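Q: According to TrEMBL, the protein has these features:
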- 1-23: signal peptide (SIGNAL)
- 267-324: domain 'SLH' (DOMAIN)
- 325-388: domain 'SLH' (DOMAIN)
- 389-442: domain 'SLH' (DOMAIN)
């Protein structure tokens, strides 16, 4: 009798060993995989899952992990992952997190879009993609390529890319020209990425003279309504692609600008043909001899031309021979020709930039901005003396003490009509004069 029971037990054990798991499993996840072209959605559910965390992992035919994601099941216990965009091939989706993981094999076999127009049965390029939590990703939407490092996001994020058909309402820049399409990139989360991601945009290289032009990716700052260059710009002249890094999404465009030619400083001022008898002639010649400023290749100085914020800071740093162990890079100065000078001035607190962490290097510098930078560079104490200029009421609040100190020390003397014109644009002759006076106060 004992041997009979022993034989029965061995038979049961043998059956449990050789039977597949699904012969006695309950299929609690109820996995369904749906494919639409290259888009894959994984759904299922169980009433007992309500509010619990469900995980998904997709592997390819070589058992390599393609993506992983997680979510909380809805109140009815249902879950839905995706859509994810996958290349053609065979895959397996594993669902787990609550009980023993279950799997579902599936195949992606999308028809390649036709290369020309017509009524061919191709698949339109997708404009959406889901970045899985914590995973790296590389994908292209509507012609925009994205390179996402691992750990850039803690949760899955859906990304969409649309081309803006009408760009007439977008802000224009006197220096920048849009080259190609403007793309609006959105995601279903307001959080910035934890790590910078790379965006690659195409451009028509036949429209760019690389000897005369600079190409970069810019993003639209909706608060200031200004275009800002992305950090770490890289241009591939061969393929006609340009990339940059960002931690947020907005509108992006490739823009071209005239390459700024920085004249080689020369101590020979005799060749300047347009400063003779100018009110600032002596100051200009003195600053040229110091090697801090120079004329243009056509032997002009253009003393009455306006000067940008970047140009003024560059001359100021060079004239005072300023250095700093560290430097600061604003969001719009990385890749700018004056980045090093601006970074040095920022490290020494001569410039502070704007609240949105931009410097706006190509903006024309105002007289009150120039005064503030010169006062900080000369390390002058703030002055509370009353400013006697007729238009002192138009001075910005932040610039009152700096302009007062500049007037006290003779850095700025105002105009013959008794005004100081704080918000007027500075000209090159005025900049040279103020910088030379700043040197004298050091």
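These residue numbers are counts, starting from 1, taken along the chain as shown.
Cβ atoms here come from the backbone N, Cα and C positions, even for glycine.
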Q: Using DSSP, break the domain 'SLH' (325-388) down into helix, strand and coil residues and give each count.
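A: Reading the DSSP string over the domain 'SLH' (325-388) gives 20 helix, 2 strand, 42 coil.
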Q: Tell me, what is the mean pLDDT of the domain 'SLH' (325-388)?
A: 87
Q: What does the DSSP secondary structure composition of the domain 'SLH' (267-324) look like, as residue counts for helix, strand and coil?
A: 20 helix, 2 strand, 36 coil
Q: Kindly report the helix/strand/coil residue split of the domain 'SLH' (389-442) according to DSSP, in that order.
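A: When I sort the residues of the domain 'SLH' (389-442) into the three classes, I find 29 helix, 2 strand, 23 coil.
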